[in-house]
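Chemist: The structure that follows is given in the form of structure tokens.
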Ligand code: S3P
């Protein structure tokens, strides 16, 4: 996990141009390791995100007795041990910065015949886990947390789990996935219903590994008592990583940039719709499929952006993209209103507060609300902005630095490696002015 402190200096670069491919999808990479590990046979993962979050998940499965080879940085060969083949770990399992790792593992480990303890870094240790503990307990799991439902999570051996019919109180793919993974080990049927459909990678990947599952937007149903069979997984490029370039190229005059083979799962591309409502010029080219996921090349050209009321229905489909959207809004013409996004307060940081404070330090006009913000577009000046160790806030502030009238010092950027190792070099190659402080 990141130890060394890293600050960046971002300042005007060139118009963004050329072609680039961002690294593999974080959500898909986590799930690929998990399902390969409990499948029967050897699975090959292509396009794996070699970020700190996903490496932490792979390291945990090694502690649980799974052999995982890395023939190249973006490949993993996982020697699956079957549903009941994991071994009791000898020490705590460190999820690092990854909420996805901890929440999905809580579900998977609830079904094992050994006890385990999930720990995380300072940010993860502040994030709510009651949302997974509560449904897992209803399934018969025995889980203890620190006071307030916070990590670490101690998961005890519990006799057989029972299926559950569960309606998600918050739109969360992580909670849905934790319940479904516990459902693999449960007696009877597990059904998860969601008021707002969220990313469905767990469902799709379970099907690809041969587990019978029925799912449609808003509902997934499976039963225990089947097997997962090893397969090949092709991980698409992460839309959330591409998002920084979509926003940056839209904002920087003269830009014309091509992003190759971006994952276009509709549960992830809400930002594209929002940017288009703001007037962005983004074209989808060469639509295709990669490992069962839609992909496309995205050509983005500079355009004048206008403020919008972000439709609340888009919020779950762009939940990771709000730091970047706030930057677009701070530089657009007019007012942008974000509502219905209270979940942002419990991400890697309180993203409403941290993104707003960072942009306000550069002169932005942002009024926070409990579940969003009102952002009035204008100009930004140079200054110092603190990402509070949140990878997506750091990368978003790097975009702000391209447009600010003076240089921007961005504090605490090392965690960018959790989701997008090499962002700074790739961004520079596209035209960003960005360097280590
Ligand atoms: C994720 C789901 C989202 C997202 C996170 C990854 C996943 O979290 O913010 O970055 O891989 O399932 P929630 O499900 O908690 O909203």
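Think of each number as a place in line: the chain as shown, counted from 1.
Backbone N, Cα and C define each Cβ position, glycine as well.
TrEMBL: automatically predicted annotations, no manual curation.
Dumping what TrEMBL says about this protein:
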type: DOMAIN; residues: 13-423; note: domain 'Enolpyruvate transferase'
type: BINDING; residues: 26, 27, 31, 172, 174, 320, 347; note: 3-phosphoshikimate binding site
type: BINDING; residues: 26, 99, 127, 174, 351, 392; note: phosphoenolpyruvate binding site
type: ACT_SITE; residues: 320; note: active site, proton acceptor
Chemist: From 27, 127, 172, 174, 320, which binding-site residues have a C-beta atom under 6 Å away from some atom of ligand 1?
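Modeler: The ones that qualify, in sequence order, are 27, 172, 174, 320.
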Chemist: Out of 31, 347, which has the highest number of nearby Cβ atoms, where nearby means within 10 Å of its Cβ, if these are the binding-site residues?
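Modeler: That would be 31, with the most Cβ atoms nearby.
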Chemist: Can you tell me the CA-to-CA distance separating residue 27 (3-phosphoshikimate binding site) and residue 99 (phosphoenolpyruvate binding site), as a whole number of Å?
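Modeler: Cα of residue 27 (3-phosphoshikimate binding site) to Cα of residue 99 (phosphoenolpyruvate binding site) measures 11 Å after rounding.
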Chemist: By CA-CA distance, flag whichever of 99, 127, 351, 392 among the binding-site residues is nearest to residue 174 (3-phosphoshikimate binding site).
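Modeler: Nearest in space to residue 174 (3-phosphoshikimate binding site), counting only the binding-site residues, is 99.
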Chemist: Run through the Cβ atoms and count how many others sit within 10 Å of the one on residue 351 (phosphoenolpyruvate binding site).
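Modeler: The Cβ of residue 351 (phosphoenolpyruvate binding site) has 24 Cβ neighbours within 10 Å.
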Chemist: Can you tell me the CA-to-CA distance separating residue 320 (3-phosphoshikimate binding site) and residue 392 (phosphoenolpyruvate binding site), as a whole number of Å?
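Modeler: Roughly 8 Å, rounded to the nearest whole number.
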Chemist: Take the domain 'Enolpyruvate transferase' (13-423) and average the pLDDT across it for me.
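Modeler: Across the domain 'Enolpyruvate transferase' (13-423), the average pLDDT comes out at 98.
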Chemist: Roughly how many Å lie between the Cα atoms of residue 26 (3-phosphoshikimate binding site) and residue 392 (phosphoenolpyruvate binding site), rounded to a whole value?
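Modeler: Computed Cα spacing between residue 26 (3-phosphoshikimate binding site) and residue 392 (phosphoenolpyruvate binding site) is 13 Å.
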Chemist: What is the nearest of the binding-site residues 99, 127, 351, 392 to residue 172 (3-phosphoshikimate binding site), using the Cα of each?
Modeler: 99
Chemist: In whole Å, how far does the CA atom of residue 31 (3-phosphoshikimate binding site) lie from that of residue 351 (phosphoenolpyruvate binding site)?
Modeler: 25
Chemist: Take the C-alpha atoms of residue 392 (phosphoenolpyruvate binding site) and residue 347 (3-phosphoshikimate binding site) and report the distance between them in angstrom, rounded.
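Modeler: Roughly 10 Å, rounded to the nearest whole number.
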Chemist: Would you measure the largest Cα separation among 26, 99, 127, 174, 351, 392 for the phosphoenolpyruvate site and round it to whole Å?
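Modeler: Farthest-apart Cα atoms in 26, 99, 127, 174, 351, 392 are separated by 19 Å.
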Chemist: Here are the binding-site residues: 26, 127, 392. Which has the lowest count of other Cβ atoms within 10 Å?
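Modeler: The binding-site residues 26, 127, 392 were compared, and 127 has the fewest Cβ atoms within 10 Å.
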Chemist: Under DSSP, is residue 174 (3-phosphoshikimate binding site) part of a helix or a strand, or is it coil?
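Modeler: Assignment for residue 174 (3-phosphoshikimate binding site) reads helix.
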